[in-house]
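Chemist: Sharing a structure here in C-alpha cells format.
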Amino acid sequence: MTTIVSVRRHGKVVMGGDGQVSLGNTVMKGNAKKVRRLYHGQVIAGFAGATADAFTLFERFEGQLEKHQGHLVRAAVELAKEWRTDRSLSRLEAMLAVANKDASLIITGNGDVVEPEDGLIAMGSGGAYAQAAASALLKKTDLSAREIVETALGIAGDICVFTNHTQTIEEQDLAE
C-alpha cells in the first residue's frame, strides 16, 4: 500500500510518494521509490498497488510514450485499452498517476483514464487523507505545489499505517 499525491500550482507540477512496501501487515521496505521520471524526464509517474505489477505497467506506459512521441493523454488511453483487453494485464493490481506540462492523469486497472478538474491527484491507501489535506491547502493557502505535496504526504503518513514518512518527490516546470 502507499500514498501518491500530485499537485499543479504556480507553474509547476509536483508528484510525491511515500517509501513503504508492505506484505500483509509487515513492513518489508521503507525507502522504495514509487515516483519516477519517464520519457526523457518529461513525464512524472507514480504508482500505488502491487510493486511488481506497477513496474510492468511503468514499462508498458513508457513503451506507449515512445510510440506516441511523448503525448501523455494518447499514451494513457492506449495503455488503458491494452490493460482492459490483455488477459495477463487485466490481473495486475496497481494504479498509475502520470503528469507532464500539459496534464495530470490517473490510469486505473478498469481501463479508466481520469483527469482531475483541479489538477490534484491522490491515490493509494493514504490517498483520501492526502487528498483532503492537499485540497484544503490549495484552497486556503498560497503554499507552493511542493510544500503542499510534502505536507499532504506527511499527514497521510501520520494517519495511514501503510504509509511512511520517507518521501520521493519529483517536480517539473509547466513551461518546459
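Cβ coordinates are placed from backbone N, Cα and C, and glycine is handled just like the others.
What Swiss-Prot records for this protein is below:
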| type | residues | note |
| --- | --- | --- |
| ACT_SITE | THR2 | active site |
| BINDING | GLY157, CYS160, THR163 | Na(+) binding site |
Chemist: Sorry to bug you, but what's the C-alpha spacing from the residue listed as 'active site' to CYS160 (Na(+) binding site), rounded to the closest Å?
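Modeler: Here the two Cα atoms lie 9 Å apart.
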Chemist: Expressed to the nearest Å, what is the distance separating THR163 (Na(+) binding site) and the residue listed as 'active site' at their Cα atoms?
Modeler: 5
Chemist: In DSSP terms, helix, strand or coil for GLY157 (Na(+) binding site)?
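Modeler: The residue in question, GLY157 (Na(+) binding site), is helix (DSSP, three-state).
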Chemist: Could you state the CA-to-CA distance between THR2 (active site) and GLY157 (Na(+) binding site) to the nearest Å?
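Modeler: THR2 (active site) and GLY157 (Na(+) binding site) have their Cα atoms 9 Å apart.
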Chemist: Where does THR163 (Na(+) binding site) sit in the DSSP three-state scheme?
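Modeler: Going by the DSSP assignment, THR163 (Na(+) binding site) belongs to neither helix nor strand, so it counts as coil.
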Chemist: Please work out the number of neighbouring Cβ atoms within 10 Å of the Cβ of THR163 (Na(+) binding site), leaving out its own Cβ.
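Modeler: Around the Cβ of THR163 (Na(+) binding site), 28 other Cβ atoms lie within 10 Å.
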Chemist: So around the Na(+) site, GLY157, CYS160, THR163 aside, which residues have their CB within 8 A of the centroid of those CB atoms?
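Modeler: Once GLY157, CYS160, THR163 are set aside, the remaining close residues are THR3, ASP18, GLN20, SER125, GLY126, TYR129, LEU153, ALA156, ASP158, ILE159, VAL161, PHE162, ASN164, HIS165.
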